[in-house]
C-alpha cells in the first residue's frame, strides 16, 4: 500500500519531499491520514484513540474547529492544498490530433484507395522497354512527359483527396472530443457541497474542498472526499461502489466514523472533518491505479478492435456512436458498473442496420463494375482487336487494371455512407450544445435522440410541475381551522411554545431562511423546501427559530429519525435537564394523525383524540385543504417521564406512537405558470404525461387538474401507491405484467407513491406489449431512491437544483432549472436530431443512387467512369462531411411538436422520403445520361467517351461533372424538408452554417473546374456552359415541387427502409399511409375523405380486431423489442375484449368527477389526448362501446387525419 501511496502522491503533481517538509505546521502527515482512511470500523476507532485521542484531536492537529470550520483565509487554503493536495483527479489524457488522424486512416475503404493510388503512382513512373506502346491498344501516345505527368497526377490527386478526408474526419473527432470535455467540466462545476467556513454554512464547488474542511453531510449526497464523522443522525451509507457490499452501512461516532469518497448517503445527516482529497482519497487511489493499468488495457482493446474492424470491413464504419449506454460497451465498463445497462439507442440500431445494408449493396456494385470493366477490356483486346499479349505491354495493361480497380473503389467510396456516423455525431453534438441553453445538461448522448421518441413522461410534482417555493397558508390549531395565518396572540401560549420548539429542532439544521439577495426580494429558502415553509410559518408568527437552535445545538439532539420515503415523517428526541425525554414528530398528516391519541384543545391542554375525531378532522380540515392543492403536514409530540427506564430508541414503532397533535398546517406550492401550456404541447405531440408524487391523492388530483394532466369530465385513473400495488399483484404478492397492462394506459396520477412504485410503473410501461410500438418512457427524479427508476427509464431527468447527487449520477439529462418546460424542449431537440439524420439520409441516398448508377453504367458502356476518382472523392466530401454539417445543424421549430412520436420500429426512411429519393434520382440520371450520350452534340464539343488511357481532360466530361455537382447543391436545399412541405426555403437564413456551406461549396466547385486542370480531370468551361450547369441544377428545385404534388398514398410500390428491428410483413392496404407521417400535399385530398372514413370506421374496427387475433398468435412468441409494425391499430384498448376478470372499478371512488359520461357528452370535440385509452374495464365496456366505435384514439389513422386538420 505504501508504494501505492507514493504513486498517487507523485501523480497529484506535488513532490513528496515538499509535502513531508511542510507538514511541520500541521500535527499530522498526509501519509498518516491516508493509512488511517484505509482502516474500517473498530480498527479505525482504535487507531484514532491510540494516536489522536478522539476526532476532536484530529481536528486540533488539522487546525480546524468542529463548529466554526476553517477560516477560509486564502493563504491557509493555499498552504493546505500544497501539503495535502487538491480535490481533483487528473483526467485521462485526451487523444492527440495525430492519434485521431491515425484512427481515421484505419477506414477500410480509404486503405484500399491508398493502395490503389500508390500502385497507380508507381506504375506511372515505370517506363516499359522498347517503343511498342502502339501495339498495346488505346494508349494516348503523345509527348512522353505529358503522359507520365498525367499518370502520376491521378495517383497523387487521389492521395491528396484521401489526406483531405482524413484531416476533416480527424478534425471533427477532435472538436467533438474537445466539446465533450468541456461538457464534462461543466458537469463537474455544477457539483457543489456544503461546508462550514468561518462559522458560516456555504456551498462551494467540490474541487475547492480541502483537508480540514468541516462538511455537512445529508441524505442523497455523493461524498466528494474522505472524512471522519464528527456528529451524525441515523446516518446510513451505501458503500457498494467501493466495497461491493450491498447492505447500507450504519455510521456513528462509537461504531464506524469513517466516511469514504464516492459513497452515497442513503439516510440521515451529519458533519465530517475532511481528511483526504483528490488522488489521496479512496476513490482517487482507485482512479490512479486504473489510470496506470488503463493504458495497457487500451492497447489490448485496440488490438481487438482492429480484428473486428478487419472482419466487418466497411460495415464497421457505420457504428454511429459508442455511447455510454450502448449494448456494445466494453467489458471493463460492465465490471465497473453494477447498474443495469439500457439497450442500444433506437436511432443507433436503425442506422447501423441501414448502413450495413448500403455498404453491402455498394460492395456488390463496385465488384460488378470492376469485373465488367476487366472482362470488357480482356475480350476487346484479345478477341475483338486480336492483339497478342506482349511482355512489354504488361505494365500498360496493369495500369488499365489499376484504373479499373480505382473506379471500382470510388464506386464503393461513394456508395458507403461514411458521413452517417459523422452526421449523427455532429447533430447530437450541436444539439447537446444548444440544449444547454435550454437548461438541459445532457450526460449521455443517446438520451438526446431517445427523447424524440418519448411516448410517456412520468414527472414528479414538487419543483418540476410546481415552483418549489412553499409557504404555509392555512392551519388547524387549538381546534380551530384558520384559512389564513392566525395572529400570534390568537394561539395559546403553551401551544405556541410547542410549535416553536417542535419546528425549530425537528427540521434539519441545514434548512434555513436567509434574507433576500436584492432589497425588496423574497427571502431565500435553503435546504428542504417543506421545512423552510414551516420555519417561515414561525417567522410569520413573529417567532425566531434561530434562538431555539442556538439554545439547543445539533450535538444536543439525543436521537433523530430522519425523513425517508418509507417513514414519510421525521422525529427528534430531546433530553430534558430533569432526565425526561420529549420527542417531536412531523410528517404527512394522515400518517402522523394515526399515531396521535391526544390533541391540544382550545385552552392548550391535551384531550383524548378518538378515531371518530380523527375522521372529522380528515373530512373537515385535511380534505378541503388537499382539494385546494395544499400539502398537509401534522406536527405532534410525546413526553417520556423521568422516572421510567430509558426507552429502547432503536425500536422506532414503540417510540413514535401515542403522540399528541399540536397542529395541522396546509402548505401551498403554486403550479409553475408555464406548465399547463407545456403539458398541452406534450399531449398534442402524442406524449402522455403522468404525475408520480408522494403527496396525498386529493392534493395530487387538484394539482393535476391545475396542470392539465387531468381535465374535468375525463375518466382517467388516479391511484394511491397502496391501491396501485393491490391491483398489480397476485395473491402471492408478485407483480403481474397483465395486471399492470390493465392500469397504466389510463393512469394519470400516482399519489402517496414510494420510489419502488415509481420503478414498478416505469418498468411495467416499458415491458408492456399491448401496443405495437414499445413505449419510450422519460422519468424525472430528485431523490436518492429514484436512482433505479431513472436508470430503468429510457431517459432519466434529474433535478439540477433540488436533485441529490445520487439521482444526478443515475440520470441521462440534468434539468438545470428543475422546470417541466425544459423537458418539452428536450423532446423538440430529440425529434430534431431524428429529422436531421433523415434529411441527411434523403440527400445522401439520392447522391449514392445517382453516382453509383452513373459510374456503373458509364463503366459498362464506355469502359470509363464519367466521374473520375478524384471527382468522386470531392462529391463524397460534399455529400458526406459538408452536407452532414449543413443538414445536421438545422435549429428545431415548434412544428416538430405537432407530430406523434416516430416509434421504435418506424423506419428511418419514410415513404415520402423514398418518393423524394427516387424522384430526384430519376431527374438527375436523365440529365446526366443525356449529357453523357448527347452532350457533345448539344454543346458542339468533342466527345469525351472512349478516350485513351492518359488523354487530357475533356470539356464534355467536365460539363457532366459540373452539372452533377450543381444538382447536388440545389438538392441539398430540397433535402431540408422531409415531410412533403412545399416551401423548402422556409427558415433557411436562420441556419448560417447551411448557407455558408452551400455558398462555400459553390465557390470551391468554380475553382476546381476553372483551375483544377489535370489533377481533377477538369477542363475550363465557358460562361454559357456554366449557366447550363446551374440551370439544370436549379431544375431539381422545380422538380422537387412536382414530386411533392404526387400523393404518397398513390404510390403503392414504395417501401420504407432503415427499420431498427426485425420487421414483419404488413398487408399492402395498411401501408397506404403512415400514421405519423404527414405529407402536406395530401391535406387537400384528406378533407374530403374524412366523412367517408367516419362511415367506414366501424367496419375497419371489426377488421382490426380480427387482424389483432390473427397476428397476436405470432407476436406473442417474439420479444417486445423485435415486434414491429408501422401501425399500432390492433392493440388500442378500444379493440380489446376483456376476459372475465373480477371487475375493479378503475375510477378512484374518491374522484370528484364521477359523473364523467354525462359531462363528457356535453363537452366540445375531444382534445388530442382525451380518452386516450377509452375502455379499460368490463364495467365501462357497454356504456363506452358506441363512443369507442366512433372516437379516434391518438395513433390511429383516423385520428391522425382529424388532428392534422
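Backbone N, Cα and C atoms are what each Cβ position is placed from, and that goes for glycine too.
Annotation comment: Swiss-Prot describes 105-125 (among others) as transmembrane segment, evidence class similarity to another entry.
Computed over the topological domain 'Extracellular' (126-153), the whole-number mean pLDDT of the model equals 52. What Swiss-Prot records for 126-153 (among others) is topological domain 'Extracellular', and it gives a curator's inference as the kind of evidence.
Among the features that Swiss-Prot reports, transmembrane segment is placed at 154-174 (among others), with the record citing similarity to another entry.
If you look up Swiss-Prot, you'll see 296-343 (among others) marked as region 'Disordered'.
Residues annotated as transmembrane segment in Swiss-Prot: 352-371 (among others).
Swiss-Prot lists 372-403 (among others) with the feature topological domain 'Extracellular'.
Positions annotated as transmembrane segment by Swiss-Prot, on the basis of sequence analysis: 404-424 (among others).
The DSSP secondary structure for residue 460 (active site, 4-aspartylphosphate intermediate) is coil. Non-local neighbourhood of residue 460 (active site, 4-aspartylphosphate intermediate): 691, 692, 693, 780, 781, 782, 799, each in the same chain, at least six residues away, with C-beta under 8 Å from its C-beta. As annotated by Swiss-Prot, active site, 4-aspartylphosphate intermediate applies to 460, with the evidence given as similarity to another entry.
The Mg(2+) binding site annotation in Swiss-Prot covers 460, 462, 782. Residue 782 (Mg(2+) binding site) counts 26 other C-beta atoms within 10 Å of its own C-beta, drawing on all protein chains shown.
Residues or ranges marked as transmembrane segment by Swiss-Prot on the basis of sequence analysis: 841-861 (among others).
Summarising the annotation, Swiss-Prot assigns topological domain 'Extracellular' to 862-868 (among others).
Here the transmembrane segment (869-889) has Cβ contacts under 8 Å with residues 113, 154, 157-158, 161-162, 164-165, 168-169, 172, 406-407, 409-411, 413-414, 417-420, 422-424, 426-427, 430, 836-837, 839-840, 843-844, 847-848, 851, 855, 961, 964-965, 968-969, 972, 975-976, 991, 993-994, 997-998, 1000-1001, 1008, 1015-1018 of the same chain, all six or more residues outside its ends. Summarising the annotation, Swiss-Prot assigns transmembrane segment to 869-889 (among others) and lists sequence analysis as the type of evidence.
Non-local neighbours of the transmembrane segment (913-933) in the same chain are 838, 841-842, 845-846, 849-850, 853-854, 857-858, 862, 866, 945, 959-960, 963-964, 967, 971, 974-975, 978, 1032, 1035-1036, 1039-1040, 1042-1044, 1046, 1048, 1051, 1054-1057; each lies 6+ residues outside the stretch with a CB under 8 Å from one of its CB atoms. Here Swiss-Prot flags 913-933 (among others) as transmembrane segment.
Annotation source Swiss-Prot lists topological domain 'Extracellular' at 934-956 (among others), citing a curator's inference.
Beyond the transmembrane segment (957-976), the same-chain residues lying 6 or more positions past its ends with a Cβ under 8 Å from any Cβ of the stretch are 839-840, 842-843, 846-847, 850-851, 854, 866-868, 871, 874-875, 878-879, 883, 886-887, 890, 916, 920, 923-924, 927-928, 931-932, 935, 939, 941, 944, 984-985, 988, 994, 998, 1001-1002, 1005, 1009, 1017-1021, 1025-1026, 1028-1030, 1032-1037, 1040. According to Swiss-Prot, the transmembrane segment annotation covers 957-976 (among others), on the basis of similarity to another entry.
If one looks beyond the transmembrane segment (991-1012) by at least 6 residues along the same chain, the residues whose Cβ comes under 8 Å of a Cβ in the stretch are 874, 878, 882-883, 885-887, 889-891, 958, 961-962, 965-966, 969, 972-973, 976, 1018, 1020-1021. Annotation source Swiss-Prot lists transmembrane segment at 991-1012 (among others), citing similarity to another entry.
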Can you tell me the three-state DSSP label for residue 782 (Mg(2+) binding site)?
coil
Centre the Cβ atoms of 460, 462, 782, go out 8 Å, and tell me which other residues of that chain have a Cβ in range of the Mg(2+) site.
461, 463, 464, 468, 693, 780, 781, 783, 799, 802, 818
With contact taken as 3 or more Cβ pairs under 8 angstroms (pairs 6 or more apart in sequence), are the transmembrane segment (841-861) and the transmembrane segment (154-174) in contact?
no
Please indicate, using numbers and ranges, the residues of the same chain that are 6 or more beyond the topological domain 'Extracellular' (862-868) and have a C-beta under 8 Å from a C-beta there.
154, 373, 376-377, 380, 407, 410-411, 851, 854-855, 875, 928, 932, 944-947, 957, 960-961, 964, 1016-1017
So what's near the transmembrane segment (404-424) in sequence-distant terms, Cβ-Cβ under 8 Å and 6+ beyond its ends?
107, 109, 112-113, 116-117, 119-120, 154, 158, 169, 172, 314, 317-321, 347-348, 351, 354-355, 358-359, 361-363, 365-367, 369-370, 373-374, 377, 833, 836-837, 840-841, 844, 847-848, 851-852, 855-856, 859, 864-865, 867-869, 872-873, 875-876, 879-881, 883-884, 887-888
Cβ contacts under 8 Å made by the topological domain 'Extracellular' (1013-1024) with residues that lie 6+ beyond its boundaries:
149-150, 153-154, 156-157, 160, 868, 870-871, 874, 952-955, 957-959, 961-962
